[in-house]
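> I grabbed these lines from TrEMBL:
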BINDING   14, 15, 16, 17, 18, 19  ATP binding site
């Protein structure tokens, strides 16, 4: 079997990426979610538990990785994030490769928030950036439970600016309204199916 056509979906926090990914799934395209993969790796029995225990044993609580303890470590130590990424990114890549192989589909969607930042755009055939106006993005993020302006700004600082993600993408989906987003996704899926079968 030939390798599926791989669509990389990315976008900054609050841009509507999860909603957009769900719309692709409604068109029958298998979706792999990088954040969900990390959650699986950090859960009890996940491959990431031993990897994190090797570099930060105090981050393990009840045989699982404590995301709160990792956040505290990242806030206190500038070397923490690169060490965590070095331990976890290879496991995430393995999970993604297994998904692509097992999908059996002609096309898959890889939902990766930091696609450009991690160089993942080199491992996909087509990049879609999800975008929304900054005031809408800010409102969406600040509506999340426990989110503060400072946390939002810190998360934004870790990501490429939206304008740069839009510039580097093969396609941009804007998410101001559900109806318009659904229309854009339907058109894009039709276009990509033609391309994948070409």
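Backbone N, Cα and C atoms are what each Cβ position is placed from, and that goes for glycine too.
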> When you average the Cβ positions of 14, 15, 16, 17, 18, 19 for the ATP site, which other residues in that chain have a Cβ within 8 Å of that mean position?
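Those within range, site residues removed, are 11, 20, 130, 132, 140, 175.
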> Which residues in the same chain, at least 6 apart in sequence, have a Cβ under 8 Å from the Cβ of residue 16 (ATP binding site)?
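130, 132, 140, 175, 181 - these are the non-local Cβ neighbours of residue 16 (ATP binding site), listed in sequence order.
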> Across all the protein chains here, work out how many other Cβ atoms are within 10 Å of the Cβ of residue 14 (ATP binding site).
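Other Cβ atoms within 10 Å of residue 14 (ATP binding site): 23.
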> What's the number of neighbouring CB atoms sitting within 10 A of the CB on residue 18 (ATP binding site)?
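For residue 18 (ATP binding site), the count of other Cβ atoms within 10 Å is 16.
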> DSSP on residue 15 (ATP binding site), three-state: which is it?
coil
> Enter the number of other CB atoms within 10 angstroms of the CB of residue 19 (ATP binding site).
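If we count other Cβ atoms within 10 Å of residue 19 (ATP binding site), we arrive at 15.
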